[in-house]
Structure formats: structure tokens, C-alpha cells
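**Student:** Sharing a structure here in C-alpha cells format.
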Amino acid sequence: MKRRAMPLPHTTPFRRAISGLGLALAGALALSACDSQPALQTAPLHGAAIGGPFALTGADGEIHRWGDFAGQWRIVYFGYTYCPDICPTDVQRLSQGLSQFEDADPERGAGVQPIFITIDPARDTPEALGQFASNFHPRLIALTGSEETIAETARTFGVFYSRGREGEGGAYDMNHSNIAYLFAPDGAPVAILPTSEGADAIAAELDRWVR
């Protein structure tokens with residue numbers, strides 16, 4: 001004789017148990033997603049002596065210090081507004097990559113601050129930097145300072161630059177390393193963002209590290 005399947009109990013304790021199991025499973029899945037990110041101790045630049053205190057002038061005329069960004073992830077790029085090709089291309093890709101990351105995860109994206117530091121303070125006034133920054137990410141902060149301050153800041157961040165030969169009318173280019181650094185909220189270096197690979201690769205790298 002066939003046995004009839006026992007119906008699931010409809011008691012309140014049983015329902016609570018099932019509900020609790022569902023919540024626990026959801027929590028475990030969320031924790032698993034968080035744990036899928038590599039530990040910061042395994043980051044490419046972990047322990048590198050890159051970055052440090054500075055006090056530079058923003059497009060708003062105010063002094064911005066490295067410590068002002070404590071608690072935020074930071075993208076830092078050194079360049080100059082008169083750059084004919086590489087700098088605007090890199091900054092555009094960084095801006096697009098950050099925007100993609102923000103669209104995919106607004107909460108984490110809002111915690112990333114993009115920073116542009118000039119290597120050509122003689123020409124890059126706060127006004128010039130403001131016009132430059134307005135072409136890119138809406139939260140991009142562009143900074144300048146004295147020749148000495150910029151030189152010291154560049155050394156602190158492991159950035160090389162030099163003034164090129166003068167052309168007609170005193171125009172000149174700047175030779176420099178084009179590196180986009182990602183820093184953790186405590187100011188520690190994490191990774192170099194792949195500007196040469198485009199916005200998608202930048203967004204993926206942000207997703208890999210930003211908590």
C-alpha cells in the first residue's frame with residue numbers, strides 16, 4: 001500500500017525556522033561575495049613607499065591636504081593641462097571607469113575620490129586646472145602648488161617628470177611618467193590602474209579592490 005506524503009506543517013514555529021534559514025542563507029551568500037575580494041595584504045603595491053603628506057592648492061583656491069582624504073579610496077594621477085594627448089586620454093579613461101563603477105555600485109563608487117596633480121605649476125594655475133577638471137569626472141579635484149612643493153610631492157609618489165625643449169613662442173612639453181595609483185582609505189598604496197586598457201579594465205580593477 002502506498003503511503004501518502006506527509007504535508008509540511010503549517011505551524012508558526014516551523015514557518016519561523018524556514019524564514020530564519022532563508023535569512024541565514026542570504027547572509028552567507030552576501031558574506032561569500034565580500035570574501036571573494038582579495039585581501040589588501042595581497043595587493044600589488046602593498047607595503048610600497050608611495051604617497052604621503054602634501055598641502056596643495058585646488059581649483060577653488062583652497063588648500064587641500066593628503067589627510068583631508070582620509071577614509072576615502074583615492075585615485076591619484078600626475079599630469080598637466082597643456083598635455084596634447086596622453087594626459088587627457090588617461091584622465092578621460094579614469095573618469096569613465098570610475099563612472100562605470102559608480103553606476104554598478106553607487107555606494108562603493110561614492111567612496112572613491114579622483115585627484116589630478118599638475119607637474120607644470122608654472123602654467124597650471126587654479127583657474128586653468130578648474131577648466132581642465134570640468135571636462136572630466138564631476139568630482140575630480142585638480143591640484144597645483146609651487147615648483148618646490150610639486151617636485152617634493154612627485155618624489156613622494158614615485159613620479160618622474162622633466163621639462164622638454166622649448167618650441168616657437170616659448171611653448172614646451174613635459175616629459176613624465178603616466179601612472180594612475182589607487183590608494184586605500186588609510187592612504188596605503190593598493191594598485192596601479194590600467195589606463196592603457198580602457199575604462200572597462202579600470203572599472204574592473206576598482207571592483208576588485210574597493211570595499
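Backbone N, Cα and C define each Cβ position, glycine as well.
In TrEMBL, annotation is done automatically, which means it is predicted and not curated.
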**Student:** Pick out which of Cys34, Cys83 TrEMBL lists as the disulfide partner of Cys87.
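**Tutor:** TrEMBL annotates a disulfide bond between Cys87 and Cys83.
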**Student:** Any same-chain residues 6+ apart from His176 (Cu cation binding site) with CB under 8 Å of its CB? Would you list them in sequence order, or say none?
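**Tutor:** Once residues fewer than 6 apart are set aside, His176 (Cu cation binding site) is near Phe78, Gly79, Tyr80, Ile119, Val159, Phe160, Tyr161, Ser162.
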**Student:** May I ask you to report the DSSP-based helix, strand or coil state of His176 (Cu cation binding site)?
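**Tutor:** His176 (Cu cation binding site) sits in a strand per DSSP.
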**Student:** Let me make sure I understand the structure: which of the disulfide-bonded residues listed (Cys83, Cys87) has the fewest other Cβ atoms within 10 A of its Cβ?
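**Tutor:** Sparsest of the disulfide-bonded residues Cys83, Cys87 by Cβ contacts within 10 Å: Cys83.
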